[in-house]
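Noted in TrEMBL for the protein shown:
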- HIS254: active site, proton acceptor (ACT_SITE)
- TYR24, TYR129, ARG164, HIS254, ARG257: glyoxylate binding site (BINDING)
- 77-79, SER106, GLN127, THR155, LYS230, SER252, 285-289, 308-309: FMN binding site (BINDING)
- 1-359: domain 'FMN hydroxy acid dehydrogenase' (DOMAIN)
Amino acid sequence: MEITNVSEYEAIAKQKLPKMVFDYYASGAEDQWTLQENRNAFSRILFRPRILIDVSKIDMSTTVLGFKISMPIMIAPTAMQKMAHPEGEYATARAASAAGTIMTLSSWATSSVEEVASTGPGIRFFQLYVYKDRNVVAQLVRRAERAGFKAIALTVDTPRLGRREADIKNRFTLPPFLTLKNFEGLDLGKMDKADDSGLASYVAGQIDRTLSWKDVKWLQTITKLPILVKGVLTAEDTRIAVQSGAAGIIVSNHGARQLDYVPATISALEEVVKAAQGRVPVFLDGGVRRGTDVFKALALGASGIFIGRPVVFSLAAEGEAGVRKVLQMLRDEFELTMALSGCRSLKEISRDHIVADWDTPRTQPRYTPRL
Ligand code: FNR
């Protein structure tokens, strides 16, 4: 059957993938309240479209950290993509560069930074998990830099792994024929089976729970790459991130896989944008499945968005062609949304083009019926 929107890939992935893998990709933490809310919150934001504007030419291009891309739609880091498709991260990298946009490679990729770089040109960011062993971190950052990655997305919401019950039930672990390739030579590339989630045990063993703001400063001493802080949800942390030298902020709840009952990212976005005061760009990920979602995020002040699950689901369904199609469908929908709301370039998208459920009524009723 013909695919007409991004969300349709999930059902196909479910049919194709082993249950353990599909559940790992699809799940959120605990009650999965935030998982639903990441989607639901978009539906409580409505448009205030402007009409009779010449929309025969629409420019979706933008610049992120100085890099020109074709649209404000980018790829979030998702771990272990070779579980979805044998080409895994290679396919994602090729699809992103064909679409003229940025791919973020996960620390826990099943392809190394060097392997992904070898797929050809493309603007790529590297997502960093900070291991207890800081030599491992320093080495990895240096390798990413040498392989031509342009920024570090430092994930700050994972001192411990969120409680993902499907992974516990399935005894999730990385299949033995795959490796966390960036750590292969460091003897940290394999994941043991555990009595619960193998990934949760891996995180408990290797990831540094002491990570704090001083480490954001430390990171700047070992790399010249700009640092995006991924996982900010409050104004307070936005201000500290800016003071700590972050080059940008990613409003993210890790696809609802860490702390359950945090707000949808689209609900937290405006608070963060206001606190950033235009000093650094603010990005968003979480639940973006439609071009209208992209527009809403930009109207609330985001400089761009990232998608996570749509990439692994489309990879599972159709490999590189699937990821290309996801990016193309989102691009087409976003362009149509711009046209139908009267915006010809990203700078024309304004807060007045949407109304959110937390807005106070803008106009008093003009007509009072006579009693
Ligand atoms: C993730 N995410 C993630 N984040 C990160 O910083 N490092 C990682 O390795 C991963 N791995 C990962 C695997 C899978 C299967 C998912 C679904 C998510 C979080 C990811 O970068 C992003 O924040 C969310 O996926 C965005 O939400 P959506 O688009 O999946 O709703």
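Using N, Cα and C of the backbone, Cβ positions are placed for all residues, glycine too.
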Annotated binding-site residues GLN127, GLY287, ARG289, filtered by Cβ under 6 Å to ligand 1: GLN127, GLY287
Average pLDDT across the domain 'FMN hydroxy acid dehydrogenase' (1-359), rounded to a whole number: 97
Neighbouring C-beta atoms (10 Å sphere around the C-beta of GLY287 (FMN binding site)): 26
Collapsed DSSP category at LYS230 (FMN binding site): strand
Candidate recorded positions TYR24, ARG164, HIS254, pick with smallest Cα gap to LYS230 (FMN binding site): HIS254
Nearest recorded site to ARG164 (glyoxylate binding site) by CA-CA distance, among recorded positions ALA79, HIS254, ASP285: HIS254
DSSP three-state assignment (helix, strand or coil) for TYR129 (glyoxylate binding site): coil
Among TYR24, TYR129 [binding-site residues], residue with fewest other Cβ within 10 Å: TYR129
ASP285 (FMN binding site) and HIS254 (active site, proton acceptor), distance between Cα atoms, whole Å: 8
Distance from ALA79 (FMN binding site) back to TYR129 (glyoxylate binding site), taken between C-alpha atoms, in Å: 11
Taking residues TYR24, TYR129, ARG164, HIS254, ARG257, which bind glyoxylate in the record, the widest Cα spacing (Å, whole number): 19
Conformational class of PRO77 (FMN binding site) under the three-state DSSP mapping: coil
Chain-internal residues near GLN127 (FMN binding site), provided their CB is under 8 angstroms and they sit 6+ positions away: PRO77, THR104, LEU105, SER106, SER107, ILE152, ALA153, LEU154, THR155, LYS230
